[in-house]
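See below for the structure under consideration.
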Amino acid sequence: MDPNQAVEDETHPSITAVNRRIQQLSLHLTPLAPLQPSPQLHMLTCAKAANKLEVDKASIQSYMRGKNREIQEKIVEFFESRPDLQTPVGISMDEHRELCMRQLVALVRIAKIRPFRYVVDDPAKYFAITEAVGSVDVSLGIKLGVQFSLWGGSVLNLGTKKHRDKYFEGIDDVDYPGCFAMTELHHGSNVQGLQTTATFDPITDEFIIDTPNDGAIKWWIGNAAVHGKFATVFAKLILPTHDSTKVSDMGVHAFIVPIRNLKTHQTLPGIEIQDCGHKIGLNGVDNGALRFCSVRIPRDNLLNRFGDVSGNGKYTSSLPTINKRFAAMLGELVGGRVGLAYSSVGFLKISVTIAVRYSLLRQQFGPPKQPEVSILDYQSQQHKLMPMLASAYAFHFAAQNLVEKYSEMKQKHDEQLVADVHALSAGLKSYVTSYTAKSLSTCREACGGHGYAAVNRFGSLRNDHDIFQTFEGDNTVLLQQVAADLLKQYKDKFQGGKLSVTWNYLRESMNTYLSQPNPIIARWENTDHLRDPKFQLDAFRYRTSRLLQSAAARLQKHSKTLGSFGAWNRCLNHLITLAESHIESVILARFIEAVQKCPDASSQAALKLVCDLYALDRIWNDIGTYRNVDYVAPNKAKAIHKLTEYLCFQVRNIAGELIDAFDIPASVTRAPIAMQSEAYSQYTHHVGFQ
Ligand SMILES: Cc1cc2nc3c(=O)[nH]c(=O)nc-3n(C[C@H](O)[C@H](O)[C@H](O)COP(=O)(O)OP(=O)(O)OC[C@H]3O[C@@H](n4cnc5c(N)ncnc54)[C@H](O)[C@@H]3O)c2cc1C
């Protein structure tokens, strides 16, 4: 071995290694220079792109641009101007947690963005802030969500004026960092199975919080391991009865429990806090576990909007049963789901933008003696990415609609609307986050080996986003809530009840289902018919109605022998398919509406193309179902397939404009492989080449 070639280790790094490390760090910290067109990296136009649509991307951009774009730009610009607040690749867990807290505090106190003020009064603005913050670092988005939506939101939504008056300021300026402590080691999805207790002591006018066994330790609690000073603890409210040997369990309620000293940050007596440790992703968030041993809190700390206890231990509530109170409490917490659905669409847009841009730039193989072609000219690559691009558009409009409905619900408190938003947020959150999680892997793969470099973002996005499928309600569990709601509406319909707005379509399509598919329409295969929104929506809705009707019949049959729990389990896959099918119908309906409302003709044509691809790709994916019942004849199935491929190709031709129309700041999609100019110089610099 060459003695001059010193072995580099952590304690004696060579000068070259140090320089190289500094260079790498500076690349992460220095805001990127504006993009310049680069001659050798012009996007290739597809050879057969003769009848490419003319797209005015600025017009689509302004149509899609939410009214809160300004605050989003302010956030991105703020972090761009503060290299010390950007998250470098390879940061350690401890550093990441501290950085995340500094980022949050700087956002609030230096950039003067105050998300908490919008949680109730302007939820659309709040979600826009979380989306922008999450695009800077997903951990920061979640940390912000824990502080303002979970901890802060529980105080505002489950508490009353006295709680708002006491805690608002401290939560708003992050003087009171807090947690939302619902999940326990033994119970996550089954919230009614929680075992932590809050026993009222009328003598001292206090509640006593206890963890009765290790299965009841609060687990995964965001902000608990390091920063939290308070926690909203969900516990069974236990009241002493007149017979002193007995107590009565009033069901799960929420309580504010201080967990650390406000000045010294010492853990308070009776509370044990442990660290949940290194996670697959989101390591900027400090998840911890909490155990309580006879922790006394004042009676006022009960978040008493839906149920209260007087000084003499009398329980009062405007709601008659434990189940109704529990439903009302959870109903107030759906904002978290709305936020996750909304942010997940944002991550889908970011990853599809990086993958499409790279696929337009990257060239591999080509006809003999001719230039290599863009990898997006391969049919297989189009098939991977174009339906995904179409889905990102479809989800965008569906998520916007959900946010509007949620905001309306917060103003009106209309019971019907609350039920609608509850089911819709459960469905969209699970459908969108599952789709995005799969797409993040597909995008990584679509970018080949370079997609695997951490600096190109797919790894962190994939790992950070993955848990979106589980927290705020496990997706499989949430889809069952959608199915249960559909079945309830179905039953109500036959008993003369009213269908809620989102479900309204079932009235007509169930009638259609009960008759046989029209054998003439089943054979129509011309393009105008296949691209007719009526055909597409009818097909989606027919499928949902059919699944609903057959699920109801199967449940009825099996419950005779298996009981309702057993019958539900026997039909579970069917029920999940039903819920997904319904959500797809809702998404398509929102997309069609958005296309129809688009004021600019050329943008409308582009969006219509994308919408047709979304609809026909989904129909083609489920063609077996349609063929089985002869809803679609063989010739029509073939025509759908051919048209879907053609639409993929057409969308590919405007893919560059379509990703630009998302209007995502360059610094967010800063993956070096996808920078239009200097693509390879960014990338080669990153590994140390000059
Ligand atoms: C990073 C992270 C942060 C978190 N932050 C918080 C926080 O701040 N506060 C908080 O209170 N909690 C938090 N959680 C907990 C989170 O909300 C729960 O993990 C989630 O609700 C799922 O519960 P579980 O883990 O017990 O899963 P389980 O409910 O045990 O689910 C495990 C599997 O069983 C399946 N399953 C369960 N029930 C059914 C059913 N009825 N039908 C079919 N399948 C079923 C699920 O689909 C899943 O695949 C966090 C978790 C993580 C990982």
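The backbone N, Cα and C atoms fix where each Cβ goes, and this holds for glycine too.
Note: TrEMBL annotation is automatic and uncurated.
What you are looking at is a predicted structure, and each value in this text was computed from that prediction instead of being measured.
Annotated domain 'Acyl-CoA oxidase/dehydrogenase middle' per TrEMBL: 179-293, in sequence order.
In this view, G222 (FAD binding site) is surrounded by 25 other Cβ atoms within 10 Å of its Cβ, with every protein chain counted. Annotation comment: TrEMBL describes T183, G222 as FAD binding site.
As annotated by TrEMBL, domain 'Acyl-CoA oxidase C-alpha1' applies to 331-486.
With a cut-off of 8 Å between CB atoms and residues at least 6 apart in sequence, the same chain places G336, R337, L340, K429 near E472 (active site, proton acceptor), listed in sequence order. The active site, proton acceptor annotation in TrEMBL covers E472.
What TrEMBL lists as domain 'Acyl-CoA oxidase C-terminal' is 532-676.
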Report task. Count the Cβ atoms, other than its own, that fall within 10 Å of the Cβ of T183 (FAD binding site), considering every protein chain shown. Result -> 20
Query - Arithmetic mean of per-residue pLDDT over the domain 'Acyl-CoA oxidase C-terminal' (532-676) - result: 93
Requested in this report: On the DSSP side of things, how many residues of the domain 'Acyl-CoA oxidase C-terminal' (532-676) fall into helix, strand and coil, could you say?
Outcome: 121 helix, 0 strand, 24 coil
